[in-house]
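Engineer: Below, the features straight out of Swiss-Prot:
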type	residues	note
TRANSMEM	16-36	transmembrane segment
TRANSMEM	38-58	transmembrane segment
TRANSMEM	88-108	transmembrane segment
TRANSMEM	111-131	transmembrane segment
TRANSMEM	139-159	transmembrane segment
TRANSMEM	166-186	transmembrane segment
TRANSMEM	227-247	transmembrane segment
TRANSMEM	266-286	transmembrane segment
Amino acid sequence: MTANLKVLASVFKLRIGVFCALAAIAGALATPGAVPDFAPVMAVALAVLLSAAAAGAFNHYWERDIDPMMNRTRNRPFATGQFAAGPLWPLGLLALTVAAVALAAFAANAWAALHVFLGAFVYGIVYTVWLKRRTAWNIVIGGLSGSFAVLAGAAVAVPTLSPESLILALVLFLWTPPHFWSLATALKDDYAAAGIPMLPVVCSETETNRIILANTIALVASSLLPAFFGAGPLYLGAAILGGGWFLYKSVALVRRPGRKAAMGNFFASLIQLVLLLTAVMVEPLLAG
């Protein structure tokens, strides 16, 4: 039973889905004004989780031909044949996405539903189907899926786009490339074997690491912008601490390149995101 649950959690990429759901909650709480009602925020967060899970499972389904070529993915259920890749899978995942969009529309409004749909569409179709095997900049556009999670949550509080929610969406957009490129650097041989043109595959190590550093600088700078829109000391401290650590590890990656440094940068990106989202969610609650 436990093994089956682990397989399903892997196929539906629930860890990514949980991060997206937290981003949606953060988006709702980052929007100025009174703290929104608990029920619609949680409903939209669930909708984001479900739509992200559907997109993640579709990613597994679509990439079943190349996953066996990569050490990291060769044991995925679709790659091994543990799950039969019949037509019911995409139909079921489409139905799950429709249900998630309907939940957001019912619990909040049409804007929240639109952002839930766009997040799933960008990851499942734009990134997975259209871009991943064609361009090294695939993950740059794919990073919009996290931004739409923020905007879905923000729409619960205020359907129109606020500067605060747009800045947080920008932070998620800028966070994704250096996060994923760091992992791709460590797994460069896997992506090369599968013929996927990730940035570390098509660019030199030096060029890739400099691009990661430049993106991290832009990310850290954008994460400080909420200070000009009323963000409190908790958020500012989290942004400085998490951003400073991520920036330090990105500089280290440029100076001492290698797999160990790349994974260190990857984990630094996770620390930064956790600190930022936690601060965004906690600070409004402490303020009452």
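The backbone N, Cα and C atoms fix where each Cβ goes, and this holds for glycine too.
Tell me what's around each of these sites.
Structural biologist: Tertiary neighbourhood of the transmembrane segment (38-58): same-chain residues 11-14, 16-18, 20-25, 28-29, 89-90, 93-94, 96-97, 99-101, 103-104, 106-108, 112-113, 116-117, 119-121, 123-124, 128, 145, 149, 152-153, 155-156, selected by CB-CB distance under 8 Å and a gap of 6+ residues from either end.
Among residues of the same chain six or more beyond the transmembrane segment (111-131), those with a C-beta under 8 A of the stretch's C-beta atoms are 20, 44, 47-48, 51-52, 54-56, 58-59, 62-63, 93, 97, 100-102, 104-105, 137-139, 141-142, 144-149, 151-153, 155-156, 159.
Only residues 6 or more beyond the boundaries of the transmembrane segment (139-159), in the same chain, are considered here, and those with a CB under 8 A from a CB of the stretch are 19-21, 23-33, 36, 40-41, 44-45, 47-48, 52, 55, 104, 107-112, 115-116, 118-120, 122-123, 126-127, 131-132, 165, 168-170, 172-177, 180-181, 198-199.
Within the chain, the transmembrane segment (227-247) has long-range Cβ neighbours (under 8 A, six or more residues past its boundaries) at 32, 163-164, 167, 178, 216-217, 219-220, 265, 268-269, 271-276, 278-280, 282-283, 286-287.
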Engineer: For the transmembrane segment (266-286), which partner among 16-36, 88-108, 166-186 gives the most CB pairs under 8 Å?
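Structural biologist: Highest pair count goes to 16-36.
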